[in-house]
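Asker: Pasting a structure below so you can have a look.
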Amino acid sequence: MYALKRELWCVLLLCGAICTSPSQETHRRLRRGVRSYRVTCRDEKTQMIYQQHQSWLRPLLRGNRVEHCWCNDGQTQCHSVPVKSCSEPRCFNGGTCLQAIYFSDFVCQCPVGFIGRQCEIDARATCYEDQGITYRGTWSTTESGAECVNWNTSGLASMPYNGRRPDAVKLGLGNHNYCRNPDKDSKPWCYIFKAEKYSPDFCSTPACTKEKEECYTGKGLDYRGTRSLTMSGAFCLPWNSLVLMGKIYTAWNSNAQTLGLGKHNYCRNPDGDTQPWCHVLKDHKLTWEYCDLPQCVTCGLRQYKEPQFRIKGGLYADITSHPWQAAIFVKNRRSPGERFLCGGILISSCWVLSAAHCFQERFPPHHVRVVLGRTYRLVPGEEEQAFEVEKYIVHKEFDDDTYDNDIALLQLKSDSLTCAQESDAVRTVCLPEANLQLPDWTECELSGYGKHEASSPFYSERLKEAHVRLYPSSRCTSKHLFNKTITNNMLCAGDTRSGGDNANLHDACQGDSGGPLVCMKGNHMTLVGVISWGLGCGQKDVPGVYTKVTNYLNWIRDNTRP
C-alpha cells in the first residue's frame, strides 16, 4: 500500500519535480515516562534534525529550483520547487536568500566556509577566542569525550538554553550540536546525554593562541613584555647591572618582583612615570630614556552589558556598552538652565563628533556643554565627565536642505593637553580606515537618548541602543526614500526583521542625531556613520540615513590637528 502511495505521489510531481529516494536514517527515542516514540529525521546532506511532519528547504540548487523536504515516519522525502529571491535579507555572512514561490519557506545559499540554515556557522573556525562567546565553529566533542546533543533536541525544551529560544540565532544555537557559550561561561560547552539525563559539559574545543601584544595600557605600570629598545635606538641595561648600584629601581629593590624588575633588560615603569622606560649608557654616562613602545589601542573596546528591557524602537542600555556616546546640552536663551540638544561621539580625548544640523542656530560655544559617561539623560552618573566647549566646527559645505555633509566637530575645553579620561564609562570609538568596506546587511549598532517613536513628545530618559543592518547602495537611493536626495556622503541602515506595521523595529529617532552608528571590526567597535536623518522612526522597509564617516577622515584629521 505504501509503495502505491509513493508511486502516485511521484506521478503527481512529474511536472519539473524530482523525487529523492528516502535513504536517510530513522532516529527513534523513547521519552521516559511517556508511552510513545518520538520519530525524527536527520537530513544527511545538512545533518539537521527534523520532527515528524516538519518540512524544510535545502540548498540543492538546480537552476532556479531547490528541494522541499519533509519528515514522514522517520524518512526524509523531497521534491524540487521553484524559488525566487527573498523579499528581505535573512542570511548571514553574505549568504544568498531564496524563498519558495508558493509558500513562505526560505533557504540560504552560503558562501564557501559557512553552513547552517542562515549561514550562521563558520566551518573554518578551528579555535575560540577569549571565552568563546562569539565562537561559531563546528566542534562537537566534550572534554569527557562525549558527543554533543543537538540544541533542537526535544529533551532540552525545559533547559535554559536550547535551539528554540527566540534569541537562538544571536546566541549561536540552532539545529546543530556544535559547542557554544550562550551564558558567557568560561569556555564553550554543550549538553550531553549521560546516565539517562541531559547535563552540560565543557567542550574540548582548542583555544586560539594569543600573540603577546607589545604595547602598554595607561601608564604601562603593568607592562611585562620583552621590549628593550629606547626611542633613541639605545639598548636597555639589565636591571641587575652592576652599573646601577646605588639606583633606586634595580633588581635589588625590595619590591623588584612586584615592579617587574629582575635579571633582564626589559622596559618597565616602576616609579609611576608617564610610560615604560629603562636605564641606558649614553656617551659612557648612565642615564635613562623612554622606551620605543606603542600604547595599546583601546578605542572601540567596551564592557558590554546585555540589555534587560526592550522598549519601542530599541533596548535600554548602559553607558558602559557605548562609552563613546556623548550627550550635548545648550543653555536656554530666555530662561535659566539648559536643554538636551543632540548626541555626540568621542573620537579622541578632546574632540567629539556630531551632526551639523544640530548647530544650525549657531549657538555661542560657551553656551554648549558636553557630558560623557551618562546612562540617564538628565541624571548625573558616578563616572561622568562634563566639559565646556572651546569651539565647534560645522562642515562648510553642509546643506540644510538635503543634509549633505551633515557633520560637525566639538573641541572640549581643558587646561591641559588631555580632556576626557578613559574609564569603563568613557572611551573613544575607533575611526574607520579609509578603505573600509563592510558586507551588505552587516549588523551594526546605534545609540542615543532620542524619542521612542516619532509621535512621542519626550526624549528617552535613558540611553537606548538599536540593532540595524547596513543597506546595499542599490537600496539606499532616492527611489527607496520617497524621492528624498541621497548623496555619496550618506549611507543607509535599518532593521530588516520580518513583521507587520506594528512590529517593534529598531531605528534612530528625533534626539538621536549626532550619535554613533558602529560596527564590529576585529574586536573593536568602529564608527561608520553619524546619525543624520530619516522618514519617521522604525518604519518597515524605510532605512535611516547616516553621514558616511569614511568620506570625512581627512576633514577630521585636518581640523583636529594641534
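Every residue, even glycine, has its Cβ placed from backbone N, Cα and C.
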Asker: Using the record from Swiss-Prot, pick out the residue from Cys291, Cys296 that is joined to Cys267 by a disulfide.
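Answerer: When Swiss-Prot is consulted, Cys267 turns out to be bridged to Cys291.
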Asker: Going by the disulfide annotation in Swiss-Prot, which one of Cys509, Cys519 is bonded to Cys537?
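Answerer: Recorded disulfide partner of Cys537 in Swiss-Prot: Cys509.
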Asker: Identify the disulfide partner of Cys119 as annotated in Swiss-Prot; candidates are Cys97, Cys110.
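Answerer: According to the record, the bonded cysteine is Cys110.
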Asker: Taking Swiss-Prot as the reference, Cys86 is linked by a disulphide to which residue in Cys78, Cys91, Cys97?
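Answerer: That record, Swiss-Prot, gives the partner as Cys97.
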Asker: With reference to Swiss-Prot, specify which of the listed residues Cys215, Cys236, Cys299 is paired with Cys278 by a disulfide.
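Answerer: According to Swiss-Prot, the disulfide partner of Cys278 among Cys215, Cys236, Cys299 is Cys236.
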Asker: From the ranges 42-52, 196-206, 471-481, pick the one that Swiss-Prot records as region 'Important for binding to annexin A2'.
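Answerer: From Swiss-Prot, the annotated region 'Important for binding to annexin A2' range turns out to be 42-52.
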Asker: Need this for a regression test: recorded positions Cys119, Asn152, Cys492, filtered to those with Cα within 10 Å of Cys91 (disulfide bond). What's left?
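Answerer: So far as Cα distances go, the recorded positions lying within 10 Å of Cys91 (disulfide bond) are Cys119.
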Asker: Non-local Cβ contacts of Cys127 (disulfide bond) (under 8 Å, 6 or more apart, same chain)?
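Answerer: Same-chain residues close to Cys127 (disulfide bond) (Cβ under 8 Å, separated by 6 or more) are Gly137, Thr205, Pro206, Ala207, Cys208, Thr209.
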Asker: CA-CA, which of the active-site residues His357, Asp406, Ser513 lies nearest Cys190 (disulfide bond)?
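Answerer: Nearest in space to Cys190 (disulfide bond), counting only the active-site residues, is Ser513.
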Asker: I'd like the number of other C-beta atoms within 10 A of the C-beta of His357 (active site, charge relay system), please.
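Answerer: 19, counting other Cβ atoms within 10 Å of His357 (active site, charge relay system).
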Asker: Could you check the disulfide-bonded residues Cys110, Cys296, Cys358, Cys444, Cys519 and say which one's CB has the fewest neighbouring CB atoms inside 10 Å?
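Answerer: Comparing Cβ neighbours within 10 Å for the disulfide-bonded residues Cys110, Cys296, Cys358, Cys444, Cys519, Cys296 has the fewest.
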Asker: Round to a whole number and give the Cα-to-Cα distance in Å for the pair Cys476 (disulfide bond) and Asp406 (active site, charge relay system).
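Answerer: Their Cα atoms are separated by 17 Å.
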Asker: Which residues of the same chain, at least 6 positions away in sequence, have a Cβ lying under 8 Å from the Cβ of Cys97 (disulfide bond)?
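Answerer: Spatial neighbours, sequence-distant, of Cys97 (disulfide bond): Ser85, Cys86, Glu88, Pro89, Arg90, Cys91, Phe106, Val107, Cys108, Gln109.
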